[in-house]
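Features reported for this protein in TrEMBL:
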| type | residues | note |
| --- | --- | --- |
| DOMAIN | 84-203 | domain 'VTT' |
| TRANSMEM | 12-33 | transmembrane segment |
| TRANSMEM | 69-98 | transmembrane segment |
| TRANSMEM | 104-122 | transmembrane segment |
| TRANSMEM | 179-200 | transmembrane segment |
| TRANSMEM | 221-237 | transmembrane segment |
Amino acid sequence: MGREERFPVWEAALGAGVAAAFAAGLVGVYLSMPDSDYSFLKLPRNLEELQILTGHLENYTSDYTLQVLVGYCAVYIFMQTFMIPGTIFMSLLAGALFGQLRGVALVVFAATAGASSCYFLSKMIGKPLVFSLWPDKLSFFQKQVSKRREKLLNYMLFLRVTPTLPNTFINLASPIVDVPYHTFLLGTLIGLIPAAYVTVRAGIALGELTSLSDLYDTQSIALLFLIGVVSVTPALLGKDEAQEKSPEMAVGAS
């Protein structure tokens, strides 16, 4: 096994340390809450479990707002950092507990922080994992990033708004294909707002949802598609301009 493919002990310890920090935060939140039966506290895997969790947390949110906020952010960021599925339920929960404006702000903050944490963790220990899990996607992503280097922010916005590539893959692969962190951060922070708005809005009417397919009606899908097209247009125009200039430069040089 080559040196690059090995998984150094210190890097594994770093990942474990990050997980331990999140766990310590959650324990602190738990200890600061009043004595009660917290058997309902678990990551929801379906709408029914989410509705039960929401019903219980509503009783605590007004009196223990800070603890609920810290606990929510710690769980969301942990899930994003370690690629644990189910963040869509956390986004719905934000709408149900905090309303539209605060819910969107909370989801965008937690999702961006979690994506950033995943970015830096992947930069240190993620290369073997991404190469083994998504070799074809990684090759495609690397080519697209190279072609759109001058308009990379627009491309990252496009990826965040549309389902072209999974968000988990983008978080892990971006440092490997040399997407600068400031571009990754801006693309994530801005690009997640539309989907967060749609999901949080649905969470406000959580009791009316029967399945996750109810989240995206025709209007929402059309809006996300339009935003995706607008975000990628400058990158496409820049590519066309570069192609037009190349023949002119060649003629001038001859």
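Just so you know, glycine gets a Cβ as well, placed from its N, Cα and C.
Bear in mind that the values here come from a model prediction, so they are computed numbers and not experimental data.
Mean predicted confidence for the domain 'VTT' (84-203): the pLDDT average there is 91. Helix, strand and coil content of the domain 'VTT' (84-203), in residues and according to DSSP, is 100 helix, 0 strand, 20 coil.
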